[in-house]
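Inspection log for the structure reproduced underneath, given as structure tokens.
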Amino acid sequence: MGNRVSREDFEWVYTDQPHADRRREILAKYPEIKSLMKPDPNLIWIVIMMVLTQLLAFYLVKDLDWKWVIFWAYAFGSCINHSMTLAIHEVSHNSAFGHSKAMWNRWFGMFANLPIGVPYSISFKRYHMDHHRYLGGDGIDVDIPTDFEGWFFCTTSRKFIWVVLQPLFYAFRPLFINPKPITYLEIINTAVQLMFDVVIYYVLGIKSLVYMLAASLLGLGLHPISGHFIAEHYMFLKGHETYSYYGPLNWLTFNVGYHNEHHDFPNIPGKNLPLVRKIAAEYYDNLPHYNSWIKVLYDFVTDDTISPYSRVKRHQKGKVELE
């Protein structure tokens, strides 16, 4: 296996908070950035159009041969559904209706969740807030792969399988790392989603339902957009924990590629993150970044010095307040 990577190569005790420190510096120098911390009403209409587009697609695939159902699930539906998960990411930060209407964002997240087929929105919001507060926090940030993932998925072939199955690991990892009591909003999210799935099945048939679920599984697995999962925080260069991506797929992903900017200013909608980089260019232009998520996926799979272990883990001190 050559230079098999181990947990010890990447696990350090970090007490620093680079994003918080940079945020303070930038706001002191460029206070006008605060004006970008406002809701993005365009997000509402974009999400509505995406949901309607998938509903149309459900209708169009209902009588196709199975091979074409799967083909369109990967070629088209996967892009929409992965993009929708990133719209839900935006909504989890209250970017649709603002912080003063937090519950409006939660209900809207459930609506955006519908074409994905699996209840996701409410649980994602709870765990994602921990990811921002305690980035890399051992036992808290469920974005960090488990020790089993790092130990087993350490060869080229196994890492390829891990990339394909990423949506399953993201779905079940919280149950092993940081399980939380189920909330009433999660129950509602689940009930609404199951009712929607049943309606799709009875009205349009099994092929439309398979198209919906396959689009999510394929779109979040071995797919160009899925490069962002690895690009964001896997340490390809020692000493750099978060990486931005400035390629064209940001158009489909609500600028999630601007990830240093996002972690520095999580209250700024994705639409405005390029302005953050433009205003505070000296803070971002010299940071290592990517221009291709496909290359990130290729490098991750083929480079035997990189594995699911390649993440900074912080051992938290003091009181931890979970979402």
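Heads up, the Cβ atoms here are built off N, Cα and C, so glycines get one too.
According to TrEMBL, the domain 'Sphingolipid delta4-desaturase N-terminal' annotation covers 5-43.
Marked as transmembrane segment by TrEMBL: 43-61 (among others).
For the transmembrane segment (68-87), same-chain residues at least 6 beyond its ends with a Cβ under 8 Å from one of its own Cβ atoms are 43, 46-47, 50-51, 53-54, 57, 61, 112-113, 115-116, 120, 124, 207, 210-212, 214-216, 218-220, 223, 225-226, 252-254, 256, 270. Under the heading transmembrane segment, TrEMBL lists 68-87 (among others).
Long-range contacts of the transmembrane segment (107-124) within the same chain: residues 44, 47, 50-51, 54-55, 80-81, 84-85, 87-89, 91-92, 96-97, 171, 174, 183, 185-186, 188-190, 192-194, 196-197, 209, 212-213, 215-216, each at least 6 residues beyond the stretch ends and with a Cβ under 8 Å from a Cβ of the stretch. Feature annotation from TrEMBL assigns transmembrane segment to 107-124 (among others).
Look at TrEMBL and you will find 182-204 (among others) tagged as transmembrane segment.
As annotated by TrEMBL, transmembrane segment applies to 210-231 (among others). Here the transmembrane segment (210-231) has Cβ contacts under 8 Å with residues 54, 57-58, 61, 69-70, 72-74, 76-83, 85, 115-118, 160, 163-167, 170, 197, 200, 243, 245, 249, 252-253, 256-257, 259, 290, 292-297, 300 of the same chain, all six or more residues outside its ends.
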So what pLDDT does the domain 'Sphingolipid delta4-desaturase N-terminal' (5-43) average out to?
80
Distal contacts, the transmembrane segment (182-204) - CB-CB under 8 A, six or more residues away:
58-59, 62, 106, 110, 113-114, 117-123, 126, 212
May I ask for the residues of the chain that lie six or more residues beyond the transmembrane segment (43-61) and have a Cβ under 8 Å from a Cβ within it?
68-69, 72-73, 76-77, 80-81, 83-84, 87, 90-91, 95-97, 108, 111-112, 114-115, 200, 204, 207-208, 211-212, 215, 254, 269, 271
